[in-house]
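As structure tokens, the structure follows; a few thoughts come after it.
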Amino acid sequence: MIPCESKETYESKGNSNWDPIGLHSQLGWLTAARSQFRFRRTIDRLLSPRRILATVAAAVFVIAYLLYGILVLSHRAPADPDRLRCWLSGGMVLYAIYHAVRCLWSESVDDLEMTAAECLWLGGAPLRRSTIAVYRITNIVAATAAKTGLLAVVIAGDVAHIELLMLGVFCSLLMLDIVRQIFQIFASGLDARSRRFAKAAIVCVVIALSFQILGRLIAMTPVDSPTLVYVFNTFRAIGETAECGTIQMLALPWISSASVAVADHYGIWAALSILSIAVTVPASVWLLVKTDKWAQVQQRCREQRLLAQHALMKPNRSKTAANSFALASLRHSNLIDGVSAKWSDLVPLLSRQWKSMVRYRGTILFSFLIPTILCLSPLIANQVTEQWLFVVGGVGLCTMLLAPPALRLDFRRDLLRMQLLKSLPVRPLSMVMGQLSIPIAITWGFQFLTITIAAMVVQTGFQQWLLWTAMMAALAVFTFAVENALFLAYPHHPHQQGLSMMIRAKLTFLGKATLIAGSIAILVLWASLCGSIFPASIQKFAFIGGAIMATWGVAILAVFVTTWCWRRFDLSFDLPPQ
């Protein structure tokens with residue numbers, strides 16, 4: 001148990017921003033105790049028959065990953081140390097810019113990413129915010145170490161000292177996570193006007209980066225090159241952008257860590273870089289604490305202004321609220337009465353999802369704007385067949401890889417509301433359809449717009465448009481159903497980190513890649529069968545009809561699997577600890 005200080009002891013600290021070292025040691029004991037409990041619980045869950053498939057898949061992935069690193073990656077030609085150093089430091093800057101965009105466009109603000117249990121037991125304790133911030137950083141050390149190990153397997157053959165590589169990569173990733181938390185806290189302290197200015201500034205930065213990458217891509221790619229060459233050169237252009245002088249200036253906090261990672265011998269320069277890391281990491285923690293203190297002051301000022309406005313509006317508030325409630329109830333009842341009794345339990349869920357979509361409409365629009373532009377970019381090529389295939393392929397990749405994390409308006413955001421959802425008088429199928437309908441509809445809109453524009457430019461004909469529009473719509477249903485089925489079978493917290501989450505992400509990605517490859521192979525096989533079985537006059541209709549029926553059959557099956565996962569969801573066993 002963490003001892004609480006008396007009021008006199010707490011006030012005797014004066015204006016200091018830091019608690020005594022004893023409190024930090026007690027919180028370290030708490031972190032160790034929680035880690036031991038999580039480890040034991042993870043082992044029990046891995047050995048559970050309910051999760052035996054996930055355990056086997058994770059074990060196979062880890063073994064295959066290690067063997068690939070030892071047998072394949074270790075025998076390739078080493079990368080240039082200078083380019084590797086620039087990539088390690090510049091890549092962190094690009095990730096930091098990505099996190100800045102996410103923080104500014106995120107409506108939800110997590111208080112130092114604390115769980116409900118931590119807010120309950122630590123939020124009201126006589127602890128300074130700096131102590132809680134340090135506690136949160138110590139909690140991500142294990143996850144950072146796991147990420148370091150996975151990355152070290154990939155680039156171990158490019159360095160001379162694996163221990164220096166581990167140290168440099170670990171400090172780089174830890175610094176990146178601290179910077180991400182600084183961005184998130186800074187965004188929480190901005191008012192509406194300042195947030196709009198910050199959004200405009202970060203949009204300018206993203207546009208400048210895009211022009212840099214596009215310019216390098218055009219310079220290194222000959223005109224009329226195949227679309228696949230453009231795809232490969234895009235990654236080269238991103239790497240060269242990470243190595244440019246402007247990005248390296250922004251990467252100053254990570255340069256010392258990158259230098260340690262690629263050091264070829266122990267010398268004065270390596271010692272100075274390690275010393276620089278010893279200064280940079282505590283300085284970033286200090287900046288995090290200062291930013292949090294500023295954000296707390298700004299939030300209190302905003303709350304005081306809102307309370308003053310609320311007091312001025314109080315005389316008219318009761319009448320307005322009563323009228324609004326009556327009108328909302330009338331509209332809601334009329335909407336339910338207009339639906340058959342069989343599906344009346346679906347309407348309140350759709351209404352909730354619709355309100356969430358309206359609330360986050362700006363974030364959703366921005367999330368799909370860039371994928372739409374990227375999917376339409378192959379239209380600049382001259383080969384008509386490549387244009388159409390790469391646009392359709394881009395839509396499929398965005399549907400499977402980008403749409404699920406961008407549209408978490410389903411079970412994945414309701415982990416803390418599972419008990420409430422389970423208690424509602426809603427059938428399992430209606431619950432699943434209500435949770436998935438709005439995200440799927442948004443994805444359908446993205447698919448329809450992109451494929452229609454490409455079809456008008458390429459002029460592929462109505463049959464091609466119908467085939468791929470219907471198949472992509474089924475892919476959206478399948479993707480969101482599978483994502484939610486996996487979440488219900490193996491739930492996790494939104495900001496949970498660790499080795500299990502990394503393996504989960506890798507396995508999900510590999511599973512999606514395997515599914516894409518298998519789908520293409522099945523389509524080719526079905527086209528060959530149609531050509532050999534059916535007469536020439538109906539081959540196209542047979543191929544299109546069979547492909548659409550098969551994809552929609554798989555999608556509907558995935559929805560029923562999700563329904564089964566929701567029906568078997570056990571509140572006493574499946575909910576992860578806080």
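Just so you know, glycine gets a Cβ as well, placed from its N, Cα and C.
Listed in TrEMBL:
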type	residues	note
TRANSMEM	52-75	transmembrane segment
TRANSMEM	87-105	transmembrane segment
TRANSMEM	137-156	transmembrane segment
TRANSMEM	162-179	transmembrane segment
TRANSMEM	200-219	transmembrane segment
TRANSMEM	266-289	transmembrane segment
TRANSMEM	362-381	transmembrane segment
TRANSMEM	387-407	transmembrane segment
TRANSMEM	428-459	transmembrane segment
TRANSMEM	465-488	transmembrane segment
TRANSMEM	509-529	transmembrane segment
TRANSMEM	541-566	transmembrane segment
Give the nonlocal contacts of the transmembrane segment (52-75) in its own chain as ranges (CB under 8 Å, at least six residues past its ends).
46, 150, 153-154, 156-157, 489-490, 500, 503-504, 506-507, 510
Quick one: do the transmembrane segment (87-105) and the transmembrane segment (266-289) reach 3+ CB pairs under 8 Å, ignoring pairs fewer than 6 apart in sequence?
no
Against the transmembrane segment (465-488), which of these stretches has the most C-beta pairs under 8 Å: 162-179, 362-381, 428-459?
428-459
State the non-local partners of the transmembrane segment (509-529) in its own chain: residues 6+ outside its ends, Cβ under 8 Å from one of its Cβ atoms.
61, 396-397, 400-401, 543, 546-547, 550
Is the transmembrane segment (428-459) in contact with the transmembrane segment (362-381), using three or more Cβ pairs under 8 angstroms as the rule and ignoring pairs under 6 apart in sequence?
yes
Applying the under-8 angstroms CB criterion, which one of 162-179, 387-407, 428-459, 541-566 scores highest with the transmembrane segment (266-289)?
162-179
Counting CB pairs under 8 Å, which listed stretch among 162-179, 387-407, 541-566 touches the transmembrane segment (428-459) the most?
387-407
